[in-house]
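A.B. asks: Quick one: structure below, then a few questions.
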Amino acid sequence: MFRRSLMFMISNKNTNMVSSTTNKVNNLSKIIILEGNISAGKTFLSSKLGDLLGYKVFLEPTATNPYLSLFYKEPSKYALIMQKWLLNQRYNTFLNALQYSIENERGVILDRSVYSDWVFAENCRSEGLISEEGFKEYNSIRDRFLSNIPIPNITLFLDVDPKQCLQRIQNRKRDCEQSIPLSYLSGLDNCYKKFLIEMKSKGSNVIVLDWNNFGDIDSVLHEINNDNFDINNFNSFSNSKFNDVNYKKQQLISDIENEKNNLKEMKFFLNETNNNNFQVLNEKINS
């Protein structure tokens, strides 16, 4: 649809537009996704990096997740429903981030993303919380979403031992998280390692940071500064149908708006399905 055209717009920004606070990094606006296990320290770091780089930060929708507490209580009942909801939310967030970057010629940081949503779905599948049929349905939606968006320039991963994550979860005392077992965090850690291999193969610059004792912000900035962001290489792994150098900025924004409207219709359908056929859907999920 508009992915390659999007690449052209992002890759060819006027470098003078970037905030002076970013003079330690190259002046091309980047898409950075910040990834890590539960309670790894993503939100704090994304906020700090956003301030220092002059990038807009887009947080994941945990506060508005209507299924989170239900999932932790009855994971097999709510796993697929929640994951499809999160996939839609994260895709919408990515579209908003792209539109913001294009309109403002400014880099963006996403605290988790539609790309890493797979980590949680795959972990649920491996634990038997999502059936193979349900996982196939999930992947078909994810594949369509990813075909419409660019690969992030940088994938920052906060590497934290699952035991350390569990300790941090207990320390921050969120009621809905207190029942999370170590096995679940270990499963996420394993799936994240597979995810990083996938992102590297797609062309994203994967930067792994040891965050067991947190870390030094300056060293993270140094890693970003050393990112070998090559426009030609960045475009080379995008589908050729999106490489239209004559594509207009407003048309691209219009395409993004249309995709967001399509997403709203899909979310409405999912909500209606959940409300009207909740028992039938759960039986299908658990079969």
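For all residues, glycine too, the Cβ spot is worked out from N, Cα and C.
Automated prediction, rather than curation, is the source of TrEMBL annotations.
So TrEMBL lists these for the protein:
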type	residues	note
ACT_SITE	Asp111	active site, proton acceptor
BINDING	Glu60, Tyr72, Gln83, Arg112, Asp117, Glu177	substrate binding site
BINDING	Arg168, Ile169, Gln170, Asn171, Arg172	ATP binding site
DOMAIN	32-223	domain 'Deoxynucleoside kinase'
A.B. asks: Where does the mean pLDDT land for the domain 'Deoxynucleoside kinase' (32-223)?
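C.D. replies: Mean pLDDT, the domain 'Deoxynucleoside kinase' (32-223): 93.
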A.B. asks: Specify the nearest of the recorded positions Asp111, Arg168, Ile169, Gln170, Asn171 to Glu60 (substrate binding site), where nearness means the distance between Cα atoms.
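C.D. replies: Nearest candidate: Asp111.
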A.B. asks: According to DSSP, does Ile169 (ATP binding site) fall in a helix, a strand, or coil?
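C.D. replies: In three-state terms, Ile169 (ATP binding site) counts as helix.
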A.B. asks: Counting Cβ atoms within 10 Å across all protein chains shown, which of the binding-site residues Glu60, Glu177 comes out on top?
C.D. replies: Glu60
A.B. asks: Whole-number answer please: how many Å between the C-alpha atoms of Ile169 (ATP binding site) and Gln83 (substrate binding site)?
C.D. replies: 21
A.B. asks: Using the Cβ center of Arg168, Ile169, Gln170, Asn171, Arg172 as the ATP site position, which other residues in that chain lie within 8 Å, going by their Cβ?
C.D. replies: Ser39, Leu166, Gln167, Lys173, Glu177
A.B. asks: Return the residues near Asp111 (active site, proton acceptor), defined as same-chain residues 6+ apart in sequence whose C-beta is under 8 angstroms from its C-beta, sorted by sequence, else 'none'.
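C.D. replies: Asp111 (active site, proton acceptor) has long-range Cβ partners Leu34, Lys42, Thr43, Ser46, Val57, Phe58, Leu59, Glu60.
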